[in-house]
């Protein structure tokens, strides 16, 4: 009880907290009520009066109500933290109650938190729709409180909240169809009824609400307020012009304050939602990432303080989601079901899977959206789709099998009941028979056309079914059992025809696998003594071939349609492809001339192969590893023994449980996997990077205008021009110019090429490209004993008239680029070892970076130091011989400094944090200074927005081999060239945010976030 007393004496920041949903009319009523309470003037005689409980209610003469409503009061703090603090600091809780209030988790949490902190008193419901029983949250019903009775004993009593009722008569009528319908139909009636509710609020219910807040008599408050209102009319008429002026100023001020608060709240919400979009994207759910990012940007305004940051993050998510390498995850289908089976339509447009509760879901394979939800009598346990996709068959937990017409979604129970559910089903390739496996013990065979069971097989639990296959040539089916026997059955009679493989010794711990090709060839694994092999048997001619002595055989067998190519996996992660063409009877398959090998890089990924599958076009081999990740080899159809094929691992494809099913879409464009983690993952086999060029070599220099790059491949150097998209050979280099730390530079027109030359001290040799001859060698830098004679920086001026070299003596030499004449040098002896230098955009200034992570800026015209900075300079923007801005970094912090201003640390350089200092990274700035692009370990190339420090695009490498590369963005920011591998350069398009948004619209094809998806990102309505 002492706590309660202290609670009543406490001073609160807010008189009331308004809880409401951000839908209409709740939002408008909450906003108007907010204003009315804050403007409510307490009658003088009530400022020190007794309330209904005879306790003195202390109200200051200057008391002004303050009300918390999230759009009004939120600052830059975390959204949920602000609300918790506001509720704790509010004396009363006002709840706007409608039929849809219970749908809001936010309103429910706000009531729960207020009750937890303050108890059940001081809660004021405002009823705007429905009756209390249907509009009050459960948390507002059956309330109890304790009090001390006259005998000083604590008792408990029920509390019934008295609501302020602002429902118009039409809303109270049983025929009223509800605000939700009016809002969805955009019916003008919604605004009309809202105005009527506000009239009721203004005329009477505002007094009931304020009376509850003050704990005074409602009638007395209303009467006194009306008396004072009459007096105010008289006074107001005397000074109308003055009052009007004050009113206009006040309203304008309140409006501007409201707009600023709402803008700040929207900004904070957008940043949090973009973070969710990025996390979803990193999980491989790219389409959902785009949708969430679009939701985040709906209320973003250029007037926001962090507008540039929001735009950069949005651009990054769009790039990562829409511009992808081959075999990248496209989206994740949240089936919310343990059933892993699914069917893919023959046109590759949709997929049917089980869903939550008793549902089956039809998914759009273009955008991952839900096309249709089908509901059955009990949970779905299996699904089979007919070859023509016109019918699907759904097995349910109540042992029934339903047929679904996929054109009109009509559902029929066609195969009656059974004693066990059909846990797996398959439809014959001629679309005549349905095979239903019930708990691996019973196999039922149905005639689809006549909708009847043909026959049924029952197997003992110690010798259950472990495999099933169909011969498309005869429609006979083959059953593999636990004892490893393979038996062929007649499809017409169900009789066993022949045992193709006998049982094996159970002590061998051998698990046989089998498959049958479209042209009727049976393949199965075998074991003789302790050596594994596989058998190839022509079911028509009886010809048998064997691949003997397969080392580390893992029994994974994949065969193409006409049985001319066979893929076999080994426990050492190698896949052997055997050419089966022109085999003679009894000819051995496992011979070198028939074998080609694929390596899944066990040494790198350290995971063995679980299963494999070949695409319908036979050009892609997908592989599931035991760590639940999926990878693939492409171009396998026409591979030769001397061809090299890269295993591409999709790390974002990893399920959280073992992958049970992997399939290709019929068009071979998507790989789809399902697992017992309640999800299906969809991977795109094709790249979405658009047109690209692939060049041999590595980038060693770029022109200052970013129109050209210099390429080194072996001893050959060539130039590539972004405008013409052409590569031209320049020359073959002398071996002395092929050192590890070799430096290169080119003029903008690529008429001159400079190369560091350690044969003449630490100097540079300059060559005329057109004349194909050496022009000169520059003056050598001083090289101390024990120091390598390498130049650490080499660059031409924009006009091609000057050449700059940074040597081991820590001096920057300036030469005449035409003649090689040494002009002057620049040096700062205080900072130690120089590592790099940066030219300003107009060549009037140069910054030298030092190993001490400091830099010195020189004026090239005045040949003197103009500024020293604690940090490494990345870019200098200057105009009319004046520095406008300097960008750089200190450790992991980016900074900018401008004339007459302090250094501003404005962002964490996320990319650089993991890669060390500028000395060990290759960085290039875009021509306009908007981006910097860097190559980092594992060789991903990152494009970063310099103004915000936010990465806007990641260009992924196909392998993890370490190498140094120089990425370059073209002058117009339309293309980027980077090293895709050690000796491969890829040139691809860059896209603006507007172009990416149009691309997203095409890919999404109208898909929008569902209500559950909106709720999962914490959206407030």
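Note: Cβ is positioned from N, Cα and C throughout, glycine not excepted.
Predicted, not measured: the structure shown is a model, and the values here were computed from it.
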Which listed span TrEMBL calls transmembrane segment, if the choices are 185-208, 209-232, 233-256: 233-256
Cβ-Cβ under 8 Å with the repeat 'WD' (652-687): same-chain residues at least 6 beyond its ends: 282-284, 324-338, 340-342, 344-348, 351, 353, 363, 365, 368, 610-611, 613, 615-617, 619-620, 622, 624, 627-630, 632, 634
Structural state census, the repeat 'WD' (652-687) (DSSP three-state): 2 helix, 18 strand, 16 coil
Mean of pLDDT values spanning the repeat 'WD' (652-687): 92
